[in-house]
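Have a look at this one before I ask anything.
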Amino acid sequence: MCDGRVVFVFPGQGAQWVGMAVELLGSSSVFAGRMAECERALGLFVDWSLVGVLGDEVALGRVEVVQPVLWAVMVSLAAVWESWGVRPSVVVGHSQGEIAAACVAGVLSLEDGARVVVSRSALIGGLSAGGVVGGMTSVGVGVDVVRGLLEGVSGVEVAAVNGPSATVVSGVVSGLEVVERWCEERGVRWRRVPVSYASHSSQVEGVRDELLRVLGGVRPGVSRVPFFSTVVGRVVDGGDLDAGYWFENLRRPVLLESVVAGLAGEGVGAFVEVSPHPVLVGAVVETVESVGSGAVVVGSLRRGEGGLSRLLLSAGELFVRGVGLDLSAWVPVGNRVELPSYAFQRRRFWLGSVGGDVRSVGLVAARHSLVAGSMRLADGDGVVLTGRLSVQSHGWLVDHVVGDVVLVPGAALVELAVRAGDEVGCDRVEELTLHTPLELPRRGGVHLQVVLGGPDGSGRRGLGIYSRLDDAGVDVPFTRHASAVLVGGGGAVVGGVVPWPPVGAEVVSVEGFYEGLAEAGYRYGPVFRGLRAAWCRGGEVFAEVVLPEGVEAQGFALHPALLDGALQAIALVPGVVAEDRPRLPFAFTGVEVGAVGATVLRVRLVRGDDGSVSVSATDPAGVPVVTIESLITRP
């Protein structure tokens with residue numbers, strides 16, 4: 001019989017994904033508050049921003065970054081669960097997950113937790129840098145079978161026993177390859193863990209003295225929640241989690257299966273994996289079932305589902321299995337109503353409709369992904385387009401980070417100008433100048449206004465693009481981000497070079513292109529990594545750019561990520577971009593968009609005598625998509 005006790009399970013590395021936690025930052029004040037506390041604690045030991053690296057694929061690929069980030073996300077997710085009334089009766093951690101478990105149990109302060117995870121991950125990362133290269137492989141058989149196999153394999157040890165048919169081995173790469181061949185020959189599933197070090201093996205002995213030294217100041221406290229150690233396989237006192245324990249946490253095998261089996265056998269009612277993506281749920285379910293327990297096992301978030309809706313689904317799974325929830329802080333208290341006691345009583349319980357579309361406030365639907373509505377001004381021939389941008393509603397923008405800030409790319413402001421021109425028949429952006437960068441906050445959003453004036457004597461119209469934070473008062477002025485001049489009667493958009501690749505052009509390698517940009521301050525995520533190939537011919541550069549799979553071109557004339565990818569190729573044009581600092585688009589001249597809905601561009605860039613660049617692009621069929629007569633960049 002299962003009781004009402006809940007176990008929080010904190011996994012090791014592997015649950016991370018680019019953009020994890022960003023959505024929850026904007027929708028949960030509890031999560032955001034705890035993340036801010038973790039960021040302050042980490043700031044004592046690292047020189048990067050916690051929030052700033054959440055969307056940085058390159059940074060999250062480094063062990064000394066991803067492990068502290070996972071620690072912060074897990075500690076903060078636990079705070080959300082507890083705010084909903086789901087409080088742990090026991091905490092369990094897997095490898096580095098024990099650091100988060102110790103913080104949630106009250107054994108480690110956030111500062112000490114940050115110290116442990118930063119020091120531990122830095123020393124692990126230093127192993128491969130120092131020439132000690134190893135690896136880890138997960139295999140789908142029980143530990144007894146694995147131990148028998150390893151008797152004939154040199155340099156490989158059992159690293160973790162996760163479940164009845166889930167074991168991880170660790171050691172030298174040549175030994176891991178023997179294990180993997182054995183699995184292939186017998187049809188046993190296996191997976192090489194994407195790391196270059198061998199945790200929980202003799203390879204980590206080399207960091208013992210340094211780890212003990214740097215963690216000598218850690219002062220563990222009394223645990224407010226039982227801490228069930230997967231290092232020794234039993235509940236331990238808080239005071240035992242000193243520097244010596246944290247080395248053993250890195251060196252010894254993880255005994256997750258026996259810990260979960262013991263708790264399930266005692267009648268624990270629920271196991272909650274507290275992580276941005278479930279990596280242990282399967283093994284925990286298998287273990288729970290192996291001992292005949294009826295305990296429920298749930299995750300928290302999932303890859304690509306990082307908001308409250310996913311977390312609430314997990315909470316719902318707990319609720320229907322008898323775990324109490326307290327959502328009063330999130331869901332307003334309502335009045336209970338009596339439901340009909342028999343059929344056909346003819347009482348309606350539907351919620352009344354609320355006027356929520358743009359027409360209810362006098363706007364016309366804009367049918368565009370960046371603006372919701374438009375309105376003709378009563379005292380002239382001007383037009384205003386309005387909308388709202390946030391990292392929650394426009395998640396793809398999280399992949400455009402410059403420095404540590406999510407910036408709306410200049411390509412998006414060009415798209416807004418083009419859309420405004422469509423309202424009045426102005427098909428050419430004669431000039432557009434960017435002023436103040438449009439930053440998106442990690443929480444909340446910005447209100448957007450695109451203001452298009454009436455025509456002058458020559459038919460030209462002035463345009464301004466403005467924003468204001470959601471929570472700004474009505475007296476706070478809007479910030480101007482761009483000004484432009486629009487005009488009708490544009491010429492035909494010029495096509496690109498055919499055949500493709502251009503005759504006589506030499507290949508330019510784009511391998512490592514985005515890693516180089518990241519070092520210069522451009523931290524692009526997958527949506528803004530569309531440059532696939534490049535060539536040069538004299539003073540010309542040619543590039544092929546794609547809109548990543550899963551990103552919809554619908555709702556735009558030209559998706560900003562696709563245009564931004566074309567503009568990224570400016571970095572390949574000799575003499576245009578300084579190598580020591582990032583540069584962004586500043587002034588556009590003569591912008592015209594042809595075919596809409598493109599997902600692939602073939603781009604031609606030519607440097608002008610004044611340092612500007614002209615850009616023209618077609619789709620693969622040679623249909624003209626966009627021309628920019630002149631573009632100037634600046635730091």
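For all residues, glycine too, the Cβ spot is worked out from N, Cα and C.
Below, the features straight out of TrEMBL:
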ACT_SITE  H400  active site, proton acceptor
ACT_SITE  D564  active site, proton donor
DOMAIN    368-635  domain 'PKS/mFAS DH'
REGION    368-493  region 'N-terminal hotdog fold'
REGION    505-635  region 'C-terminal hotdog fold'
Considering every residue in the domain 'PKS/mFAS DH' (368-635), what is the mean pLDDT value?
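Overall, the domain 'PKS/mFAS DH' (368-635) comes to a mean pLDDT of 88.
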Below 8 Å Cβ to Cβ and six or more residues apart, same chain only. Which residues does that give for the residue listed as 'active site, proton acceptor'?
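Same-chain residues close to the residue listed as 'active site, proton acceptor' (Cβ under 8 Å, separated by 6 or more) are V406, L407, V408, P409, Y524, G525, V527, F528, A561, D564.
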If you count Cβ atoms within 10 Å of the Cβ of the residue listed as 'active site, proton donor', leaving out that atom itself, what do you get?
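Its Cβ shell of radius 10 Å holds 23 other Cβ atoms.
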Helix, strand or coil by DSSP: which one applies to the residue listed as 'active site, proton donor'?
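Its secondary structure by DSSP: helix.
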